[in-house]
Amino acid sequence: MAFVTRQFVRSLSSSTSASASAKKIIVKHVTVIGGGLMGAGIAQVAAASGHTVVLVDQTEDILAKSKKSIEENLRKMSKKKFSENPKAGDEFVEKTLSSISTCTDAASVVHSTDLVVEAIVENLKVKNELFQRLDKFAAEHTIFASNTSSLQITSIANATTRQDRFAGLHFFNPVPLMKLVEVIKTPMTSQKTFESLVDFSKALGKHPVSCKDTPGFIVNRLLVPYLIEAIRMHERGDASKEDIDTAMKLGAGYPMGPFELLDYVGLDTTKFILDGWHEMDVKNPLFQPSTSLNKLVAEKKLGKKTGEGYYKYK
């Protein structure tokens, strides 16, 4: 009887252990790679929702600017959120900032993180080199995620040995204000990883949606062809850019017209996405290059950030 009891206990212990290993990862510690607009925004919302964050970039100067930007955004938010209790607002800002540390060497911090979110330049080779290096230093349970808006998640994940713990986590700009997060599941992403990222997104106060690893995911796959079709209408002389913008705002209820949005996003960004898709599927009519877009980018007229794109800005 004692032998049977011991065997039962061993069996129960083994099954409990297996069940525990299948449990979702509760993300507490986050490493964000890239201190630009998106990376800083992700770091901000993660810290503001109670996570410990390490923000990583190449130089201390970049990180100092990122931290300053985060602080400015937090103070603006706290004035509205805590309008009747300024002291509580100050405490919120200080607590959030204290949860963000910075580092210039990602490999030295990923050993103790639950989630790595990459938000660096949209270059597959650079992303692959980064994740290949981090894969050697990160803990076994650590989930890797890319914030790419245009590259295939599978192509990035293949640079690592943790394809089952790799997914897309696509935030929208500006991160603190935009509620949507696209959670991208590749054929190799485990259900455990996917559910962990969905839970993490909800913990940030975001609304996650799921999508397979298809070009552009949901939003950009629908948005970019719409923007390019607006350009083609203008190129054909069907309508002026001003009338196209007005029509879509008043007729479709969009907050911005396509040309206003193109200039806001950056013409180089749209061209980069379109070129990448065209390379993947040359015959797809939706992905064909645009003459006027290519010309403006070649002339460095990239939209609001350069003072001129399809419109001129003072």
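Each residue, glycine too, has its Cβ placed from N, Cα and C.
Taken from TrEMBL as is:
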- 29-214: domain '3-hydroxyacyl-CoA dehydrogenase NAD binding' (DOMAIN)
- GLY34, GLY35, GLY36, LEU37, MET38, GLY39, ASP57, GLU122, LYS127, SER149, ASN173, LYS305: NAD(+) binding site (BINDING)
- HIS170: site 'Important for catalytic activity' (SITE)
- 216-313: domain '3-hydroxyacyl-CoA dehydrogenase C-terminal' (DOMAIN)
The domain '3-hydroxyacyl-CoA dehydrogenase C-terminal' (216-313) [mean pLDDT, rounded to integer]: 96
Cβ-based isolation winner (fewest other Cβ atoms within 10 Å) among the recorded positions LYS127, HIS170: LYS127
Cα-Cα distance, maximum over GLY34, GLY35, GLY36, LEU37, MET38, GLY39, ASP57, GLU122, LYS127, SER149, ASN173, LYS305, record's NAD(+) binders, Å: 25
ASP57 (NAD(+) binding site) to HIS170 (site 'Important for catalytic activity') - Cα separation in whole Å: 19
Spatial separation of HIS170 (site 'Important for catalytic activity') from MET38 (NAD(+) binding site) - C-alpha basis, Å: 10
Residues of the domain '3-hydroxyacyl-CoA dehydrogenase C-terminal' (216-313) by DSSP state, where helix covers H, G and I: 65 helix, 3 strand, 30 coil
Integer Å distance between the CA atoms belonging to HIS170 (site 'Important for catalytic activity') and GLY36 (NAD(+) binding site): 15
Cβ contacts of ASN173 (NAD(+) binding site) (under 8 Å, same chain, 6 or more positions away): LEU37, MET38, GLY41
Length of the line joining the Cα atoms of LYS127 (NAD(+) binding site) and HIS170 (site 'Important for catalytic activity'), in Å: 15
Binding-site residues compared (GLY34, GLY36) - the one with the fewest other Cβ atoms within 10 Å: GLY36
